[in-house]
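Features as listed in Swiss-Prot:
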- 17-37: transmembrane segment (TRANSMEM)
- 57-77: transmembrane segment (TRANSMEM)
- 92-112: transmembrane segment (TRANSMEM)
- 139-159: transmembrane segment (TRANSMEM)
- 161-181: transmembrane segment (TRANSMEM)
- 201-221: transmembrane segment (TRANSMEM)
- 234-254: transmembrane segment (TRANSMEM)
- 320-340: transmembrane segment (TRANSMEM)
- 368-388: transmembrane segment (TRANSMEM)
Amino acid sequence: MIAAPLDAVADSKGRKPFYSHLYVQVLAAIAAGILLGHFYPELGTQLKPLGDAFIKLVKMVIAPVIFLTVATGIAGMSDLKKVGRVAGKAMLYFLTFSTLALVIGMIVANVVQPGAGMNIDPASLDPKAVATFADKAHEQSIVGFLTNIIPTTIVGAFADGDILQVLFFSVLFGIALAMVGEKGEQVVNFLNALTAPVFKLVAILMKAAPIGAFGAMAFTIGKYGVGSIANLAMLIGTFYITSLLFVFIVLGAVARYNGFSIVALLRYIKEELLLVLGTSSSEAALPGLMNKMEKAGCKRSVVGLVIPTGYSFNLDGTNIYMTLAALFIAQATGINLSWGDQILLLLVAMLSSKGAAGITGAGFITLAATLSVVPSVPVAGMALILGIDRFMSECRALTNLVGNAVATIVVARWENELDTAQLARALGGQTEEGAPAGGLQPAE
């Protein structure tokens, strides 16, 4: 059995004090980090190791969490064809909503035009500022990305912490365990027993989340300053509002159609959302999200396949950002893109968003990869948004996280691998008597 999250078990003598909840501590740490970074920027920049150390601690356990969840989930399947069905349905969902996110970003950019009137001469931009990102973008390709999913060695996949490589091996190992039947029971029992201490370790590491969030936020504000936000407030505001509308309207409609409330889901994963907000890293929340989705009634086999894959292929926030930022650069530099140019941009973004997935700074590097193929928009124009990308990355990561949580529940429901009563209890949507109370409606 997977260990409960930090605040899942209430004190036997009564409810725990509000300040003992992880999400309250992380929220307070974020606020403290903002204040320290603003008033003492030099000290704030020196606290970067706190955030980096916490993210490394979490990444340390991501590989074993994925392996144990996927391998034991698939090993327990009676029908191995279901593995292919789950993966196929997940990829169909990812493709549909990733494309929709790209289109929404493009439409919003054309309607709001956040870069209009800036009149920046492209020749005045310094291409050296974004040279590193452009070089990394050129190193990425669809073929290279797909072949890189196969690890050179099993140990190498775990040592590097490559999510897709670990997932690839875990799926194959789980299938092998299922095929050997009784001969593999001892291995399955061992892996199931190992799951509890691994997730207990995750819970222990999460106690350091407030420290990591404090250090990361103090560094961000200390280095970039609140002033950098004000300079490009139109773009930042447009992106944040668009992402919010995407979550509450688009994903909200998907959630409602599938029998649950997006607001209740956000409340349920609030700790993971605040963790992402504080660290700007969606990977920091991956173990906790997998744990909570299983506790919400999604079968382990679905959780293990959908969430790690979604971290590379279901990047709704990143996709909104890509088309919105690309058109912002064009508008700011006075470049008028025809609808043909914009469709080309959309098609290239659909491919490059997959080829650059799973790498550090994926959003910015993916944008560089897209612009390098579309000659109308100068790659050097990315220098305009380099200073605010850190603030944009938080919104990208938050939207990506919510998108993957919704995707997991939807795919589980499609496969009849969702315990709707358990989901209702997890989201707080049922009374003690078990009757629906608004958080979850019966699925049609």
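Even glycines carry a Cβ here, placed using N, Cα and C.
The transmembrane segment (201-221) shares more Cβ pairs under 8 Å with 17-37 than with any other stretch in the list 17-37, 57-77, 161-181, 234-254, 320-340. Among the stretches 17-37, 57-77, 92-112, 161-181, 234-254, the one making the largest number of Cβ pairs under 8 Å with the transmembrane segment (320-340) is 92-112. Contacts between the transmembrane segment (161-181) and the transmembrane segment (17-37): absent, as fewer than 3 C-beta pairs lie under 8 angstroms at sequence separation of six or more. Remote same-chain partners of the transmembrane segment (92-112), defined as residues 6 or more beyond its termini with a Cβ less than 8 Å from a stretch Cβ, comprise 234, 238, 242, 246, 250, 254, 309-310, 313-317, 319-324, 326-328, 331, 342, 345-346, 349-350, 353, 403, 407, 410-411.
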